[in-house]
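Q: Sharing the record's features from Swiss-Prot:
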type: TRANSMEM; residues: 33-53; note: transmembrane segment
type: TRANSMEM; residues: 77-98; note: transmembrane segment
type: BINDING; residues: His83, His182; note: heme b b562 binding site
type: BINDING; residues: His97, His196; note: heme b b566 binding site
type: TRANSMEM; residues: 113-133; note: transmembrane segment
type: TRANSMEM; residues: 178-198; note: transmembrane segment
type: BINDING; residues: His201; note: ubiquinone binding site
type: TRANSMEM; residues: 226-246; note: transmembrane segment
type: TRANSMEM; residues: 288-308; note: transmembrane segment
type: TRANSMEM; residues: 320-340; note: transmembrane segment
type: TRANSMEM; residues: 347-367; note: transmembrane segment
Amino acid sequence: MTNIRKSHPLFKIINDSLIDLPAPSSISSWWNFGSLLGICLAIQILTGLFLAMHYTSDTTTAFQSVTHICRDVNYGWILRYLHANGASMFFICLFLHVGRGLYYGSYIYKETWNVGVILLFAVMATAFMGYVLPWGQMSFWGATVITNLLSAIPYIGTNLVEWIWGGFSVDKATLTRFFAFHFLLPFIISALVMVHLLFLHETGSNNPTGIPSDSDMIPFHPYYTIKDMLGALAMILVLMTLVLFSPDLLGDPDNYIPANPLNTPPHIKPEWYFLFAYAILRSIPNKLGGVLALVLSILILIVMPLLHTSKQRSMMFRPLSQCLFWLLVADLLTLTWIGGQPVEHPFIIIGQLASILYFLLILVLMPITSIVENHLLKW
């Protein structure tokens, strides 16, 4: 008799995706982040569900309801901080996952890559709306500043912003709809994850060498299930350390002040994981130009397959490209730092130079370096 996991219609899908899936034998720990992102998503949905049971999306009671969760609900404080810091872990894993894709040329699988970029946008939208919900000072002013950027769109901008706000300013209608969308989007993300995996399993995983590994595959279980469990353990250890020892390390103290439309905080800034894009936005003196640069800073990932000029897929054997890749990482860290600084000298000029370098590296220097490496290999 055939094993039930190979014959049952539902178990067969799970078996082909998680148990008998052929995987390259050489994939390193950089391939762990897909499963870690899945765990992050599960943590966020579960903690978010329980938080939603106690949260009220009304401007008069939202801030109090979050305080009530932390003080009066059994283990409410741990739910709240798991959710807040879980978002940070989510983005750390996301950035490392995308970075791995760039380094090892995973973007050659266009369908998987494009769904991944859509996922990145969806997660960023979800995180932004979630940051508005506690209705602190930074929530309110962050929502005001970021939604107001849409007014830079010619002709329809102002109408679009008022339509999103549900009025003439960020108010009760805005908070209610942001809560509704913040609850809905993770389930859309879950569906997109399925599509992402569907496309990935059409081609199979890439590997560090970038060379097809069809002749050297091993079953996903037990080798990579054990490996993923180790990665999950490490991530949960970091997350719990953050939650239990310094839960507010990555947050903004201003968000412990209830939202006040009459009092603007001295430095309006988003959560740390948006700072690099915020720095690019601020470095351009023109509003529409800034908004375009902000969107393009992430949308640029879509054109990565077109910018691939190397004859090798991975950067593993391309030392010049490796140098530029790590320069890009350093540049993104610089932008993240600048995004959290006030708009004054010398931070303005550093931000502008870092923004120019970011686009220059991706659009010009990396493709040219790949062509140079192709010629060097001929010798």
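Each Cβ is built from the backbone N, Cα and C atoms, and glycine gets one as well.
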Q: Test of understanding: give the count of other CB atoms lying within 10 angstroms of the CB of His196 (heme b b566 binding site).
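A: I count 21 other Cβ atoms within 10 Å of it.
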Q: What does the structure give for the C-alpha distance between His83 (heme b b562 binding site) and His97 (heme b b566 binding site)? Integer Å is fine.
A: 20
Q: Test of understanding: give the count of other CB atoms lying within 10 angstroms of the CB of the residue listed as 'ubiquinone binding site'.
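A: By my count, 14.
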Q: Are there any residues at least 6 positions away along the chain from His182 (heme b b562 binding site) with a Cβ closer than 8 Å to its Cβ? List them or say none.
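A: Listed in sequence order: Gly48, Thr126, Met129, Gly130, Leu133.
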Q: Sorry to bug you, but what's the C-alpha spacing from the residue listed as 'ubiquinone binding site' to His97 (heme b b566 binding site), rounded to the closest Å?
A: 17
Q: Hey, which bits of the same chain come close to the transmembrane segment (77-98), Cβ under 8 Å, at least six residues off its ends?
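A: Distal contacts: 30, 33-34, 36-37, 40-41, 43-44, 47-48, 50-51, 66, 69-71, 116, 120, 123, 127, 130, 235, 238-239, 242-243, 247, 250-251, 271-273, 301.
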Q: Any chance you could find the range in 33-53, 178-198, 347-367 with the most Cβ pairs under 8 Å to the transmembrane segment (113-133)?
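A: Checked against 33-53, 178-198, 347-367; highest Cβ contact count belongs to 178-198.
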Q: Among all the protein chains here, how many other CB atoms are within 10 A of the CB of His97 (heme b b566 binding site)?
A: 20
